[in-house]
Amino acid sequence: MAKRNNISTTDFILLGLFPEFQYASLLVYLILLVYLIALTGNAMLIFLIWLDVHLHTPMYFFLSQLSLTDLFYISSSVPKMVINHSLGKHSISFTGCGIQMFFCLSLGGAECLLLTFMSYDRFVAVCYPLQYTVIMNPKVCLLIAVASWTGGALNSLIQTICTMHFPVCGLKEIDHFFCEMPAVLKLSCEDTSDYEMVVFVVSIIFILIPLNLIIASYIQIFLTVLKMKSPEGRSKALATCSSHLTVVSLYLGPGIVVYMTPGSSHTPALDQGLSVFYTILTPMLNPIIYSLRNKEVVGALRKVLKKKLVSK
C-alpha cells in the first residue's frame, strides 16, 4: 500500500515480468544483459551494411530496416521495466502507457510487414534471378520500407486510441511488464468482445496473411532450389532462407497465440512468456542468426576489424 500512496488515480501499475518469481532481480538484470546484446548486435549490423559497399543490396537494405525496427522495439519496453525495478516503483502514467502501447504495436506491425517483404525479396532473388535487379530496384525497396513503417504506425494509432478509450474499473494493475494491448484490455469494465473480434481481424491481416505469404514464398523457393545444379548455390540459398524462417517462427508463432486466441484461454504468465519472445529475445537473436549464417556479413566484420588492427 505504501508504494501506491504516491500513485495518481490516472496511473497504471505495471506488476512486472513474473511478479511472483522469487529471483525477480536476477531476471531483470538478465534481461538488461539481453537488451545490451541486442543494442550492440543490431547497431553493428546496421553499421556494417552502411559501411560495406558489397552489402548495398535489397536483401541487406531490408535487414538493416529489420535491425532498426528491433532496436526501437526492444527499447520501447525494457528500459522502463529496468528503471521501474531499480527505483522500486511500478507506476506508468495514462499517457505513458498509451505511448508505449503505440510504439510496441507500431514496431511489431512494421516487423510483420518487413518479414513478409523480405521473403518476397528472397523469392524474386532465387526464382527470378535475371529480373531481380529490375524488380527490386532502389525505388521499390524504399517504397516497401515506407509502407512497412507507415502501415504499422497507422494500425497502431487506431488500436491504441480504441484500447485506451475503454474505461477501467477497480485497481489499474496491468499483469505484465509493459502496456501490451491485450493486457490493458483485460482491465476494462465494459464488454470488449466486439473490439476483440476487430483485433482478431487485424491480426489476420498483420500476422496470419503475412505468415501464409511467407510460407507460399518459401515453398516456391525450395522447389526452385531443388532444381539447382550448383551445390554451392543451393547451400547459399538454403542458408539464407533458413535464417529468415527461424526469425519468422520465433516472432510470429508467439504473436499468434497472444493476439489470435481468446485472452481467457491463457494465463498472464503465459502471455508474458510469449511476449518475451517477440519483444526481447527475437531482437537479440536476429543479428546473431543473420550474421553467423552469412559469410558476407562475417567478411564485412573481418574487414572492419583488420582496418582497426592495421590503424593501430
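Using the three backbone atoms N, Cα and C, a Cβ is placed for every residue, glycine included.
Unlike curated records, TrEMBL annotations are generated automatically.
Residues or ranges marked as transmembrane segment by TrEMBL: 26-51 (among others).
Within the model, the domain 'G-protein coupled receptors family 1 profile' (41-290) carries an average pLDDT of 90. If you look up TrEMBL, you'll see 41-290 marked as domain 'G-protein coupled receptors family 1 profile'.
The transmembrane segment feature in TrEMBL is assigned to 98-120 (among others).
TrEMBL lists 140-158 (among others) with the feature transmembrane segment.
Panel annotation: around the transmembrane segment (197-225), residues 109, 112-113, 115-116, 119-120, 122-123, 126-127, 155, 159, 162, 181-182, 234, 237-238, 241, 245, 248, 252, 255-256, 259-260 of the same chain, lying at least six beyond its termini, place a Cβ under 8 Å from a Cβ of the stretch. The transmembrane segment annotation in TrEMBL covers 197-225 (among others).
TrEMBL lists 237-261 (among others) with the feature transmembrane segment.
If you look at the transmembrane segment (273-292), the same-chain residues 6 or more away from its ends with a CB under 8 A from one of its CBs are 17, 31, 34-35, 37-38, 41-42, 44-45, 63, 66-67, 70-71, 73-74, 76-78, 104, 108, 176-178, 180, 243, 246-247, 250-251, 253-255, 257-258, 298, 301. According to TrEMBL, the feature transmembrane segment maps to 273-292 (among others).
Under 8 Å from some Cβ of the transmembrane segment (26-51) lie the Cβ atoms of residues 16-18, 60-61, 63-64, 67-68, 70-71, 74-75, 78-79, 81-82, 85, 276, 280-281, 283-284, 286-288, 290-291, 297, 300-301, 304, all in the same chain and six or more residues away from its ends.
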